[in-house]
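Features as listed in Swiss-Prot:
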DISULFID  CYS57-CYS70  disulfide bond
DISULFID  CYS90-CYS120  disulfide bond
SIGNAL    1-26  signal peptide
Amino acid sequence: MTKTTMAVPGALLAAIALLSAAPAQAAAHRVTPGNWLYVTVTTGDARSSHISRLLTCDPPHGHAHAARACEELAAADGDITRIPPKRTFCPMIYAPVTADAHGEWNGRHVEYRHAFGNACGLEGETGAVFALSEQASDGPTPGLRS
């Protein structure tokens, strides 16, 4: 009987070890499947003045312009630097903004960070990806870029 009672605790310890390893393996897999980016826009140089959204593209969701942002990202194969810049005229007002994005597109890791002179320049270069406000933005004025 002593051998049987010793075998039961040993089996329980082995089962506990296996069960505790399962969550660690699950955490190693993707948290959000599909094409997604966690995007942040920081105004000025203060961390307290930032807005962030999780942009998902299957189906488009995350902010007011998610469908357009996903279309632009799809055309650029998830590379924000390949989004064609808009021909715009932006005011020469210095109001710095920084755009950050990280996530996954078609199984590839995406990292992006760039500082712009103002929000108009940000929208002109990155399209709808960082258009996080719920209201329609004034955005860049169509025309020639100076």
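Cβ coordinates are placed from backbone N, Cα and C, and glycine is handled just like the others.
Summarising the environment of CYS90 (disulfide bond), the number of other Cβ atoms within 10 Å of its Cβ, over all protein chains shown, is 21. Residue density at CYS57 (disulfide bond): 21 other Cβ atoms are found within 10 A of its Cβ, drawing on all protein chains shown.
If you take the Cα of CYS120 (disulfide bond) and the Cα of CYS57 (disulfide bond), they are about 24 angstrom apart, rounded to a whole number.
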